[in-house]
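Asks: Here it is, the structure in full.
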Amino acid sequence: MKKDIHPNYVEFNATCSCGNVVTTRSTIGKDIHLDVCSACHPFYTGKQKAAETGGRVDKFNKRFAAIGKK
């Protein structure tokens, strides 16, 4: 690698709105603030709400179920 052409790869803190702080390394060189992280995101905490199970396919099947039974 050539010297003095690569950006500095330094440690920085990513602070979430829930208060969780993650230390990682990057070339941005300054601390950042996150809206969500793995400690408070509903997918990772298990508090995720199920999406609507019925959709267009279910509506189609209900509408034409009687025709298919003949």
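Keep in mind that glycine also has a Cβ here, set from the backbone N, Cα and C atoms.
Note that this is a predicted model, so its numbers are computed, not measured.
Grabbed the feature section from Swiss-Prot, which reads as follows:
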{"type": "BINDING", "residues": "CYS16, CYS18, CYS37, CYS40", "note": "Zn(2+) binding site"}
Asks: Among all protein chains shown, how many Cβ atoms are found within 10 Å of the Cβ of CYS18 (Zn(2+) binding site), not counting that one?
Replies: 12
Asks: Same chain, not part of CYS16, CYS18, CYS37, CYS40: whose C-beta falls within 8 angstroms of the C-beta centre of the Zn(2+) site? Give them in sequence order.
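Replies: Near the Zn(2+) site, beyond CYS16, CYS18, CYS37, CYS40, sit SER17, GLY19, ASN20, LEU34, VAL36, SER38, ALA39, HIS41.
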Asks: Tell me the Cβ neighbour count for CYS40 (Zn(2+) binding site), meaning other Cβ atoms within 10 Å of its Cβ, over all protein chains shown.
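Replies: Other Cβ atoms found within 10 Å: 16.
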Asks: Counting only residues 6+ apart in the same chain, whose Cβ is under 8 Å from the Cβ of CYS16 (Zn(2+) binding site)?
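Replies: Listed in sequence order: VAL22, HIS33, LEU34, ASP35, VAL36, CYS37, ALA39, CYS40.
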